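Undergrad: Handing you a structure now.
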Amino acid sequence: MSGDTIYALATARGVGGVAVIRISGPSAAACLNALAGHVPPPRYARLLSLHDPFDGGLLDRALVLWFPNPGSFTGEDVVELHLHGGRAVVNSVLSALSRVTGCRPAEAGEFTRRAFANGKLDLTAVEGLGDLIAAETEAQRRQAIRQMDGALGRLYDGWSHRLIDLLARIEAEIDFVDEEDVPDSLIQSARKDLTDLADKLANHLRDGRRGERLRDGLSVAILGAPNAGKSSLLNALAGREAAIVSERAGTTRDIIELHLDLAGYPVVLADTAGLRITDDPIEQEGIRRAEARAGAADLTLLLVDRGDWPSVPAAIQARLSDARVLALISKCDDGFEAPDPWIAISAASGFGLDRLIAAIAGVAEDSLGGEALVPTRERHRAAVQAAEASLRRAVSAPLPELLAEDVRLAVRELGRITGRVDVEDILDRIFSAFCIGK
Ligand SMILES: Nc1nc2c(ncn2[C@@H]2O[C@H](COP(=O)(O)OP(=O)(O)OP(=O)(O)O)[C@@H](O)[C@H]2O)c(=O)[nH]1
Ligand SMILES: [Mg+2]
């Protein structure tokens, strides 16, 4: 832990009602004294005048909070200055702080890094905090706050503790009993426990990457013949004219992608070029991209023009049986009772869009992270996989010493997820994703 005292704007840059500057480190109280000439009682809000420590000029009247260590976000002495949220106000206070000895601007993620170093958060909670700040939809927020709350970390710690208990039992036997005398029953029961836990880990991984997908959003592609109304549907769902719409067939060439919040779920919606046989090389490339995107998507919205339906081109017909496809009849401006599985919609009148959104949300609910505790990062998955492999090896180890070594490896892998062991190499990557002041 460095002896530096760091400061940064904790709220977004720009104009707002209030801007919060956070100061953390051993000189936090001295900084406050230099500006306000006074340190209020811990955790009581006080309205104080802040003055330039050098020329005495009034900078702002601010609500000031003092959190002595260890009862603060970072676990260090922390001061919060709730200023009026103007650029010049914020700049004048930051500039005054830069002239206080022992005080320097914080680096990206440094507050959270100190909280981690002081045991306030484990790494999964740090990632949860990052996800919470970045969350754009309800489902993402719920997953992030559970993780920030430590639920995922507790799950991994719980597994580690079980293994450490087991290790202690095995090592006691190895130490105190002649090798030939290690009771078979102990090794037998250890093997049973290890298999049990390895199965739990395997089960945890069998989640269809729900947690990671919830962070990225459900990938949805709109596909159909030229002029079916794909771009119009994208615009209707987005509530703005994001894509060009025209009566000319073959308008859209590039993929147009939007991030939407549909019924609380994050959706990445892609509008694509209309599918048809064409000689135009640019349009051919657009069609190739459209099909590639639909192939990679979690869900495809297949659009057929009301005027063409129910005769459906063969290229479209072939896709209708795919479970990851919703079949839509477009331009049903005055409503239409479509037979299952068709959903009638109109981008122009809005008919059927509620049903469509509910259907997309249903797919999102099934395939994205829900209430279950799931890995939310590739690095979680890799570590759990490695731990499971070590446990499977331990089960078939011929000697108790080898069994113990594999269990130790599994504990280390699980520890990497929460940052209890061997973490330096992953710290930089995690904290660099944070912005300054967080
Ligand atoms: N009446 C009516 N017309 C629509 C509706 N949706 C789209 N259109 C019209 O259909 C034509 C084509 O719409 P687009 O949204 O550009 O169709 P597209 O599928 O994106 O076409 P391409 O990009 O060329 O493949 C335009 O003239 C739209 O105004 C609708 O719900 N009702
Ligand atoms: Mg289009």
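Each residue, glycine too, has its Cβ placed from N, Cα and C.
Any TrEMBL annotation is an automated prediction that lacks curation.
Feature list, courtesy of TrEMBL:
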type: BINDING; residues: Arg22, Glu80, Lys120, Lys438; note: (6S)-5-formyl-5,6,7,8-tetrahydrofolate binding site
type: BINDING; residues: 227-232, 246-252, 271-274; note: GTP binding site
type: BINDING; residues: Ser231, Thr252; note: Mg(2+) binding site
type: DOMAIN; residues: 217-365; note: domain 'TrmE-type G'
Undergrad: Could you round the CA separation between Lys230 (GTP binding site) and Arg22 ((6S)-5-formyl-5,6,7,8-tetrahydrofolate binding site) to a whole angstrom and send it over?
TA: 48
Undergrad: Determine, to the nearest whole angstrom, how far the Cα atom of Ser246 (GTP binding site) is from the Cα atom of Ser231 (Mg(2+) binding site).
TA: 9
Undergrad: Using Cα coordinates, what distance in whole Å links Ser231 (Mg(2+) binding site) and Ala273 (GTP binding site)?
TA: 9
Undergrad: Can you figure out which of Arg22, Glu80, Lys120 (the binding-site residues) comes closest in space to Thr252 (GTP binding site), comparing Cα atoms?
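TA: So, spelling it out, the nearest of the binding-site residues is Arg22.
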Undergrad: Output the one of Arg22, Lys120, Thr252, Ala273 that, of all these binding-site residues, has the highest number of other Cβ atoms within 10 Å of its Cβ.
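TA: Ranked by Cβ atoms within 10 Å, first place goes to Ala273.
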Undergrad: Give the sequence-ordered list of residues that share a chain with Glu80 ((6S)-5-formyl-5,6,7,8-tetrahydrofolate binding site), lie 6 or more positions from it, and have CB atoms under 8 Å from its CB.
TA: Ala10, Val20, Ile21, Arg22, Ile23, Val64, Leu65, Phe67
Undergrad: Could you give me the DSSP helix, strand and coil counts for the domain 'TrmE-type G' (217-365)?
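TA: Output for the domain 'TrmE-type G' (217-365) reads 42 helix, 36 strand, 71 coil.
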Undergrad: How many Å separate the Cα atoms of Ala249 (GTP binding site) and Lys120 ((6S)-5-formyl-5,6,7,8-tetrahydrofolate binding site)?
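TA: Cα of Ala249 (GTP binding site) to Cα of Lys120 ((6S)-5-formyl-5,6,7,8-tetrahydrofolate binding site) measures 59 Å after rounding.
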Undergrad: Given the binding-site residues Glu80, Lys120, Lys230, Ser231, Ala249, return the subset with CB under 6 A from an atom of ligand 1, ordered by sequence, or none if empty.
TA: Lys230, Ser231, Ala249
Undergrad: Among Arg22, Glu80, Asn227, Ser246, Ala249, Ala273, please name the binding-site residues whose Cβ is nearer than 6 Å to ligand 2.
TA: none
Undergrad: For the C-alpha pair, I'd like the distance in angstrom between Asn227 (GTP binding site) and Lys120 ((6S)-5-formyl-5,6,7,8-tetrahydrofolate binding site), rounded off.
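TA: Pair distance, Cα basis, whole Å: 56 Å.
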Undergrad: Give me the Cα-Cα distance between Ala273 (GTP binding site) and Lys120 ((6S)-5-formyl-5,6,7,8-tetrahydrofolate binding site), rounded to a whole Å.
TA: 50
Undergrad: Taking Asn227, Ser231, Ser246 as the binding-site residues to compare, which has the smallest set of other Cβ atoms within 10 Å?
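TA: Sparsest of the binding-site residues Asn227, Ser231, Ser246 by Cβ contacts within 10 Å: Ser246.
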Undergrad: Can you give the mean pLDDT for the domain 'TrmE-type G' (217-365), rounded to a whole number?
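TA: The average pLDDT of the model in the domain 'TrmE-type G' (217-365) works out to 90.
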Undergrad: Have a look around Lys230 (GTP binding site) and count the other CB atoms within 10 A of its CB, chains all included.
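TA: Total other Cβ atoms inside 10 Å, all chains included: 32.
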